[in-house]
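One structure below.
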Amino acid sequence: MRIKDKVAVVTGSTSGIGKASIMKFAEEGAKVVVWGRTEEEVEVVVNDLKAAGKEVLGVTADVSVSDEVNSAMNKIKDHYGTIDILVNNAGITADAQLMKMTEDQFDKVIAVNLKGVYNCGQAAAKIMAEQNSGVIINVSSVVGIYGNFGQTNYAATKFGVIGMTKTWAKELGRKGVRVNAVAPGFIVTEMTAKMPEKILDAMKGKSPLGILGEPIDIANAFVYLASNEAKFVTGTVLSVDGGVVL
Ligand code: NAP
């Protein structure tokens, strides 16, 4: 158990990568927090974890709304007394080519993927700096390194997440807080299920391994970065993408 008794929060842990990660964190001994926007979805994952005998709290908050984020963080602090690990995982897409993208599509993705990471990172950093320890992991994407056709808004947020990661690593290192990013390649989840089959096939073809990733591949990277095995690792971007090169 590599993160035994650590309090681990994963935003957007009701599905996909987030759900696999919260399960993996619990398996590795952490006291976990399931975070989503709707109580019903949160409850399903909380109940699964409780049934497996894990220590778990559920919170409901939209990461793009700072008041909701601050109350969720306070609820976690009141319940567990601390926050040791935050994974800023919640994210959405609203794809369109540049000339067809609407203002609403642009603003929605910026609000969740960029402002949401800022809101949660800021609230958690205050708690972590006070206790002089903590780990923040921000979820970027291969798209945040190479860009992607039809994803002006999403790519902007995922590049931005890397900028925040490096800035926070510099600001928070002396306060005992490590900050890293993970850049997943194409992972089979509900998000990719919305993509056309031919794009997924093309993505497979671009990986030297010839396969798409699974949520657990990303969860394993989170556990490494969250654990003491990564005590000398901060400000980095760990690509977990099957070697995909665009
Ligand atoms: P997913 O299955 O669609 O899950 C997204 C999660 O985020 C859900 O739990 C959703 O919960 C939550 N969420 C969405 N908007 C939210 C908000 N405003 N406030 C709080 N929670 C919110 O997505 P995924 O594929 O696992 O992706 C997870 C992360 O990995 C994202 O940041 C994504 O950009 C990144 N990523 C994914 C891939 C991939 O191939 N799948 C590749 C690279 C990067 P509710 O809807 O229940 O609220």
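Cβ atoms here come from the backbone N, Cα and C positions, even for glycine.
Those TrEMBL annotations? Automatic predictions, nothing curated.
The shown structure was predicted, so the numbers you read here are calculated from the model rather than taken from an experiment.
Going by TrEMBL, these are the annotated features:
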DOMAIN    6-185  domain 'Ketoreductase'
BINDING   Asn89, Tyr154, Ala155, Ala156, Thr157, Lys158, Ile187  NADP(+) binding site
ACT_SITE  Tyr154  active site, proton acceptor
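Among the binding-site residues Tyr154, Ala156, Thr157, Lys158, no residue has its Cβ under 6 Å from any atom of ligand 1. Long-range Cβ proximity for Ile187 (NADP(+) binding site), meaning a same-chain Cβ under 8 A and a gap of 6 or more residues, is found for Gly16, Ile17, Leu212, Gly213, Glu214, Pro215, Asp217, Ile218. If you take the C-beta of Ala156 (NADP(+) binding site) and look for same-chain residues 6 or more apart in sequence within under 8 angstroms, you find Ile110, Leu114. Using a 10 Å Cβ-Cβ cutoff, Tyr154 (NADP(+) binding site) registers 24 neighbours.
For the binding-site residues Asn89, Thr157, the greatest number of Cβ atoms within 10 Å around a candidate Cβ is found at Asn89. Across the residues annotated as binding NADP(+) (Asn89, Tyr154, Ala155, Ala156, Thr157, Lys158, Ile187), the widest Cα-Cα separation comes to 20 Å.
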